[in-house]
Every structure is written in structure tokens, then in C-alpha cells.
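Listed in Swiss-Prot for this protein:
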- Glu552: L-isoleucyl-5'-AMP binding site (BINDING)
- Lys596: ATP binding site (BINDING)
- Cys862, Cys865, Cys879, Cys882: Zn(2+) binding site (BINDING)
- 60-70: motif ''HIGH' region' (MOTIF)
- 593-597: motif ''KMSKS' region' (MOTIF)
Amino acid sequence: MSEIDYKETLNMPKTDFEMRANLTTKEPLFREKWEKDNLYARVLEKNKNNTPFVLHDGPPYANGSIHIGHALNKILKDIIVRYKSMCGFYSPYVPGWDTHGLPIELKMLTDAKINYKVISPIELRKRASEYADIQIENQISQFKSLQLLTDFKKIYKTKEPKFEAAQLKLFKKMVLDGLVYKGLKPVYWSPSSQTALAEAEVEYHDVDSPSIYVALEIIDQNGSQKVKNGDKLVIWTTTPWTLLANAAVAIGENFVYCRVEHNNQGYIVAKELANKFIEISKLDNAQISVDFNANELIGIKYKSVLNDLVCPVVIGHHVSLESGTGLVHIAPLFGEDDFQIGTANSLEMIMHVEDDGVLNDAAGKYKGIFYEKANAQIFDKLTSKSALLAKGTIRHSYPHDWRTHKPILFRGTPQWFVSIDKIRQQLLNELESINTYPEWAKKRLVNMISERKDWTISRQRTWGVPIIIFYDKDGKPVINSAIFDYVIDLVEKYGTDIWWEKEADELLPEEFRSNGYTKEMDIMDVWFDSGTTSLAVEIDEKLKPPYDLYLEGSDQYRGWFNSSLINSVAYTHKSPYKQIVSHGFVLDSKGEKMSKSKGNVVDPLKVIKKYGADILRLWVANAEYTNDVNISDEIINQNSEIYRKIRNTIKFLLGNLNGYEYDESVKRTGVHQYIYNELESIKEKVYKAYDEYNFSSVIKTINKYVVELSSFYLNITKDILYVHEFDSNERMMTLANFYDITNFLIKAIAPIIPTTAEDAYMHFYKKNKLESIHLENFDIVKPYDSNVLKEWEEFFSLKDEVNLLLENAIKSGLIKRTNEAKVTIKNPSEVIKGYDLKQLLMVGAIEFGNVSKVESFMSEKCNRCWNHFSPAQIKDNLCPLCYKIVQKVNGK
């Protein structure tokens with residue numbers, strides 16, 4: 001028999017599972033198949049009588065294409081839902097969309113080139129609703145490309161009448177329970193959006209602001225022995241335009257103040273800040289003449305420099321000595337602390353800024369100027385009155401509208417609020433029982449709830465859920481349960497458009513009509529909408545909150561996690577969630593935030609088009625997602641390399657399992673016993689990491705496992721697989737292990753790279769095979785012998801030593817391949833002597849001695865297996881095993 005003919009006697013691997021993944025071609029085909037086969041419904045059916053596990057989807061905003069942050073979020077959720085389903089949990093996942101609010105309203109108006117002031121509310125709402133639906137359809141098609149396991153025909157939208165009615169039932173209960181009130185308070189106000197904002201709608205940017213020191217002349221010393229009429233109180237401000245609403249100067253109750261004398265003029269500042277004031281104001285040769293405590297200043301009157309009011313000096317709880325002068329100008333409607341002080345001291349409440357930021361009649365000659373642009377004229381006025389002592393700029397963090405990215409201000413307006421104080425302790429009590437991943441996040445949420453101020457829930461816009469309040473002839477809110485119920489019934493039937501379509505009387509029960517009632521025209525904060533999802537969304541008729549898991553970005557501690565908790569506790573006195581998992585933001589390779597202007601935006605759809613969704617999903621799983629994560633071509637390529645190793649390993653396993661029928665009764669010995677026990681140990685680690693949502697550990701464990709498996713077990717068993725007789729005992733032990741490893745690997749990767757897992761599963765000759773890998777359950781971890789694993793540690797230490805010797809021998813030219821080497825092992829233990837070291841170390845011969853060394857030994861190569869043997873062992877150019885097999889094939 002010739003050497004070429006020997007190939008016919010070998011057991012060569014064979015599989016149609018391709019080395020090239022072709023994900024971009026295959027993923028749409030698998031997705032189509034899964035939809036056609038109703039895979040998601042069948043997964044639910046499989047587990048319908050089992051313990052439920054519900055990951056409740058926080059709704060993304062129905063505006064624009066998905067970005068890389070969406071991909072990170074949805075893929076993480078999908079991994080968990082798939083994993084839990086394969087663990088046997090009944091795990092329905094209902095995606096939803098946040099559909100109201102200013103971004104949709106503005107984008108619709110911009111795209112349609114319509115002015116907000118000329119379109120009717122009904123037409124605006126109709127167009128906004130249509131726009132939201134178009135955006136949802138667009139995002140659904142994009143989310144599908146992520147290979148998500150869900151039914152996109154069964155989604156929720158916050159604009160659906162059923163949802164809106166549930167939201168209004170919550171609002172009704174909160175009003176009747178005294179949790180909702182209307183009041184005049186300074187709130188975050190966006191001139192660019194012309195509406196109030198909640199804290200969660202505010203972002204901060206570093207900006208340069210004017211920094212000025214202003215002198216206010218005392219006209220009534222109020223009997224003070226230390227202060228004279230004509231002395232000047234010095235305040236420092238970064239918002240000069242608020243001086244038009246100045247109503248008082250606040251001082252620290254326990255601070256020491258002094259008079260700074262300069263050119264016969266006295267300036268009053270805190271003593272601790274006096275030298276800094278002198279330096280900044282360039283008051284050369286100024287002297288600090290007299291000290292006094294705060295009592296000497298209380299009740300003193302001064303003349304406000306811009307509005308000519310006579311104003312008092314009062315105590316301020318917020319005054320500090322960190323910067324400025326220790327005297328703070330108070331404009332009661334332009335700051336929370338200012339408002340408290342203004343209320344406590346019955347100060348003048350001046351509102352000189354309109355909704356759009358333009359100054360009104362109260363600003364006098366500055367009327368008609370945008371508030372920030374008034375600063376230049378104010379500087380001129382102060383200078384003309386010798387009141388501007390110093391002017392500069394300061395760079396600081398300043399609040400901006402998260403939608404328009406333009407500056408906002410604190411502005412006193414009548415708004416609707418949710419009182420947090422009344423339920424704060426309940427909220428904190430509920431947080432005690434929840435778990436967070438990462439663990440430190442729980443403290444973050446507790447701190448936010450502890451410090452949270454009352455929630456401004458009213459918005460001065462049109463596209464949203466109305467605040468269904470009526471006012472009587474005197475302008476007082478009419479709070480009546482029957483009225484609420486009547487409106488809610490109408491909304492459930494017709495949606496909230498009816499609030500704008502009907503007159504007030506048409507929305508009232510008959511007995512309340514013809515009383516001259518008017519409607520509130522503000523809408524609710526969209527965070528109130530999305531915060532209602534646990535109450536308004538029916539995931540399954542038998543499933544109720546609290547749900548097992550909420551998973552969103554870390555910005556949602558002040559957003560959805562926060563509003564959901566408040567709304568749920570207000571309605572049910574219970575948290576809506578048992579556990580929170582949060583992820584960070586996606587940054588570029590340098591750790592910088594992505595922006596179109598920087599040109600560093602990574603589009604997930606482009607990544608999918610180039611690499612496939614499985615590669616993007618692998619990047620997500622492999623990222624330390626609880627922190628901010630990086631993405632770049634290099635990082636994607638690194639994950640592609642991990643993918644390639646996993647795929648090639650599975651291909652090798654499948655190829656060798658061709659035609660094999662699994663026999664779990666096969667008793668494994670030697671290295672095969674070690675591999676069997678190691679596999680169960682790996683399973684345990686992987687399942688534990690999945691349970692802890694530590695997906696990077698899942699990937700690292702699997703990657704390390706396949707790398708080590710390939711370099712050792714898959715390598716040393718090639719002769720057993722190819723050369724031994726098809727049904728030899730050692731080959732059966734090897735293939736039994738291969739089957740178990742393949743079964744584990746395909747299942748373990750299924751939640752993360754579902755297309756690849758399904759592809760591999762189709763080519764896996766599995767007993768009791770199902771129609772899809774995603775209908776399978778994870779196997780339980782079988783008992784394994786850790787002593788076996790420990791026993792083999794000695795061998796692997798020896799293997800590392802021998803490999804180093806072999807590498808040096810090849811480098812020096814002593815041998816070309818390891819199977820040409822004779823290895824002497826120094827004084828091995830009896831355990832080591834018991835191993836088939838020639839096979840395990842893949843060398844030509846093994847000896848034991850007093851020195852470890854590698855030699856080239858006199859050998860001949862077997863023409864069938866290509867291994868080296870001593871010449872005496874070779875017969876007809878074949879080693880003993882190959883000779884025996886060939887003779888058997890030839891019928892001898």
C-alpha cells in the first residue's frame with residue numbers, strides 16, 4: 001500500500017460548518033427563520049410553567065437611529081433574557097418606546113418646517129404621533145439587526161391610550177393622597193425650549209461667565225455702631241442680569257465682617273476674604289479698619305443699584321467663605337436658596353425674564369433684551385454709578401438643556417410638583433431590599449433619593465400627557481375623584497388628544513358643567529411617563545411588579561430608576577424592581593466622548609454590516625460594562641480574534657464528531673478523565689459568571705479554555721482521532737469528551753453569539769436534538785473530582801519546563817520538530833511516570849534520569865502517522881500500531 005493510499009485508512013475530520021463565519025450573510029437568514037418558526041413564543045411556551053424572571057425594558061426615546069449606546073443596552077438585556085430562558089426561567093421581554101416630549105415635538109416641527117406658534121395643538125399632536133410611529137418602525141428594524149430574542153409585534157408605547165389612562169390613574173392617586181401640589185418656585189427653566197426641566201433633563205458644560213464685584217450703598221445703618229451710612233456692601237455675582245431682581249443681601253450668621261477703607265470710602269466684606277477682595281479690586285493702600293459680627297449688619301438698608309429698591313440685609317443659610325465677599329445678592333425668583341430667604345423675609349419677588357429669556361417691563365430700560373445680552377449694558381450702568389469694583393471671567397460648570405444644549409436658568413414660575421418629602425422614607429426603605437450591580441451603585445441611588453428635591457412634573461408644551469386639572473372661576477384647582485375618573489375613562493377610549501379636542505365642559509361629568517371651569521394646559525414630564533411603565537405595561541397577565549431586573553445606563557440613577565421608584569412607591573408602596581444593573585457610556589479608543597464634530601462616532605449598524613452582529617455582541621459581552629467602555633476598529637478586531645478561536649475550536653470538534661454516536665457510559669481514564677473533570681469545573685465558572693451578569697468573565701473563561709484546549713488536548717489527541725481504529729477505546733473516550741465539550745460550548749456561547757451557536761448546532765450530531773439551540777436548556781454541573789485537577793497540576797508544570805527545552809532545541813537546530821526529540825526527565829514522581837508522556841508531550845521518546853535534557857535520537861518516521869520511532873520498531877515503514885491497522889484493512 002502506497003503512502004497516498006494510507007490516507008484512506010485515516011479517520012479524517014469532516015463537517016459542513018464553515019471556517020469563515022459569513023455573519024453578514026447568515027444573520028438575516030437566521031433571523032428570518034427564527035421569526036418564521038416563532039422561536040421567541042416557543043421559548044416562552046417551553047418555560048411557561050416555570051419560575052418567572054422578568055427583565056423590564058426601559059423605553060428608549062422614539063427619535064432618530066439607534067446609536068452604539070442603544071446597542072450596548074439592548075445586547076446586554078438580550079444576553080440576560082436568553083441565558084435565563086436557557087436556565088428554564090419563564091422570561092418574557094417586552095420592548096417599549098418613550099413617545100412624548102420636546103425632542104419629538106421639535107424634530108417634527110423642524111422636519112416639517114412649521115413654526116410652533118402657528119400650528120394648532122391638535123395638528124401638532126397628530127404630526128408628533130405619526131413621527132414617533134415612523135421612528136419606532138425605523139428603530140425596530142435596526143434593533144432586529146442586533147439579533148434580539150423578542151416579538152416586535154408586541155411592544156408598548158407611552159402614547160397608547162391604555163398606557164396614558166394608567167398614567168392618569170397614578171396621577172389621580174398622587175393628587176388625592178396629597179403628593180401633588182401647585183406652587184411658585186424657582187425651577188430649571190430652558191429659554192430655548194420655553195419649558196421647565198427636571199434634574200434628569202439637565203446636563204453640565206464648562207462655560208466662561210462674567211465675574212463682578214458690585215458695591216451697594218448703605219442708606220440706613222439701622223443703629224449700627226460699626227457701620228456708617230454711605231459705606232458700601234460688596235457682593236460678588238456671576239449672573240449680573242439677576243441684579244435687576246435684587247431684593248436683599250444675605251450674610252453668614254456666624255461670620256466676622258470688616259470695613260475696608262480706601263480713599264475715604266468704606267467697603268463691607270467678610271474679614272476672611274478682605275485681602276482677596278482688595279487684591280482683585282486693586283484697592284492700593286486700602287486698610288482694614290474695624291471688625292464686627294453679623295449682628296451689626298442685620299436690618300441695615302441699602303439702595304439696590306439697578307432697580308432703585310430699598311432692600312435689607314438678612315441672614316442667609318447658604319452664604320459661605322469659599323469665594324466672593326461673604327455677602328450674597330438675593331433675587332428670590334432666581335435661585336432655590338434665594339427663594340427660601342425671600343419667603344422667610346417677605347422680600348420683593350421680581351420676575352423680569354419672560355419664558356423665552358427676553359427681559360420684560362420689570363427690567364425697565366432693559367426691556368426686550370435677551371437676559372444674557374443685557375450684561376454689557378448692566379456693566380456700563382454699574383460703572384457710571386461707581387458700583388463696579390472689579391470685572392473678570394470665571395470658568396465653571398453651568399447647567400444646560402439636555403435637548404438643545406443651551407444654557408438654562410433658575411426661574412420662579414407656577415408649576416406642578418410631586419412632594420418627595422412625604423414619601424422619602426418609604427423610598428429609602430424600599431431601596432434597602434434591592435440589589436445593584438455594581439454594588440456601589442446602591443449607595444449612589446440612596447444618596448440621590450435622600451437629597452432629591454420636589455419633582456417638577458409640569459411642562460409648558462403640547463406633545464404629552466395632560467395634567468388633568470380643572471380650575472374654578474377663582475383660579476383654584478378643583479380636586480375631585482369623580483372628575484378624574486370621568487376624564488380617565490375618556491382617555492382610555494380616545495387617547496389624550498381629547499383634552500385638546502374638547503372644551504372644558506365636555507370633559508366634565510354633567511353635574512360639574514356650566515360652572516365656568518377652565519383646563520390646565522401643561523403636560524407631564526416625560527420622566528413621569530416612563531416612570532409609570534411598571535404600572536402601565538402588561539408583560540403577562542400573571543406577572544406583576546416588582547420585576548426581577550431593570551438594566552439601563554448609569555445616567556438613569558437620576559432618570560428612569562429614580563422616577564420609576566417614586567411612581568411605584570406612590571401607587572403600590574413597593575419598589576418596581578428587585579435588582580438594578582447599570583452600564584457606563586461608550587467612548588472612543590482614547591476614552592473620549594463621541595461626537596459628530598470630533599468624527600469619532602461609531603455606528604453600530606456599520607459595525608454589523610462590516611463584521612456581523614455576533615462580533616458586536618461579543619464586544620459587549622467582553623467589555624467591563626459597569627464602567628465606561630471603549631470601542632474602536634482595533635478593539636473590534638481583538639474581539640474578532642477571540643471569535644475566530646472559538647469558531648475554529650468548534651469546527652475542529654464538529655469535524656471529528658462526524659458520524660459519532662454519543663455514549664455517556666464510556667468510562668474515561670488518564671488525560672481523558674482530567675478533561676472530563678476540567679470541563680465540569682469550567683461549566684461551574686461560566687454559569688456563575690452568567691448568574692452574576694459578569695459576561696466579560698464568561699468570555700475570558702471560555703477564551704482561555706479553548707486556547708488551552710487547542711494547545712493541549714485537541715493537539716495530543718489528533719493521533720488518537722486520525723490514526724487509531726475508528727472504534728478504539730481511547731478514541732471513544734476522546735470523542736465522548738469532544739461531544740461534551742461541544743455541547744457545552746455551543747450552549748455557553750448561545751446567549752452571546754446566537755447566530756454562531758445556531759449555525760454550529762445545526763452541524764452538531766446531538767442526541768435528542770431540538771429545532772434550535774435556543775430551545776435547549778443549560779446542563780447542570782455534574783459532580784467532579786477536584787483532586788484529579790490538582791493531581792494534574794504537577795504534569796502541567798513539567799510540560800512548561802519541557803516545552804522550554806524543546807523550543808531551545810528547535811532554535812539551536814538540534815531538532816526540527818518535537819516528535820524528533822528524545823526527552824530525559826529529571827527524577828519524576830511515580831504519578832508522572834504513570835502517564836503516557838510520549839503522547840502527552842508529543843515527543844519521539846521519553847527517558848528518566850538525573851538531568852532534564854533534550855536530544856535528537858536515531859529514529860525513523862512512520863509513513864502513516866508521521867511520528868518518529870526507533871528503527872527497530874518500524875516495519876514496512878510503519879509503526880507497530882499503523883502496521884496492525886493497515887494489515888487489518890488489507891485483510892491480513
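Glycine residues also receive a Cβ, built from the backbone N, Cα and C atoms like all the rest.
Positions of the features from Swiss-Prot, shown on the structure.
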residue: Glu552; record: L-isoleucyl-5'-AMP binding site; DSSP (3 states): strand
residue: Lys596; record: ATP binding site; DSSP (3 states): coil
residue: Cys862; record: Zn(2+) binding site; DSSP (3 states): coil
residue: Cys879; record: Zn(2+) binding site; DSSP (3 states): coil
Cβ neighbour count within 10 Å of Cys865 (Zn(2+) binding site): 21
Far apart in sequence but close in space: which same-chain residues, 6 or more away, have a Cβ under 8 Å from Cys862 (Zn(2+) binding site)? His868, Phe869, Ile874, Asn877, Leu878, Cys879, Cys882
Residue counts for the motif ''HIGH' region' (60-70) under DSSP, helix then strand then coil, are 3 helix, 1 strand, 7 coil
Could you tell me what the rest of the chain brings near the motif ''KMSKS' region' (593-597), counting residues at least six beyond its ends with Cβ under 8 Å? 68, 585-587
Local confidence of the prediction over the motif ''HIGH' region' (60-70), expressed as mean pLDDT: 95
Please identify which of Cys879, Cys882 has the densest Cβ environment, defined as other Cβ atoms within 10 Å, among these binding-site residues. Cys882
Fewest other C-beta atoms within 10 angstroms, as judged across Glu552, Lys596, which are the binding-site residues: Lys596
Here the Cα-Cα span from Cys865 (Zn(2+) binding site) to the residue listed as 'ATP binding site', rounded to a whole number of angstrom, reaches 60
As a whole number of Å, the Cα atom of Glu552 (L-isoleucyl-5'-AMP binding site) is distant from the Cα atom of Lys596 (ATP binding site) by 24
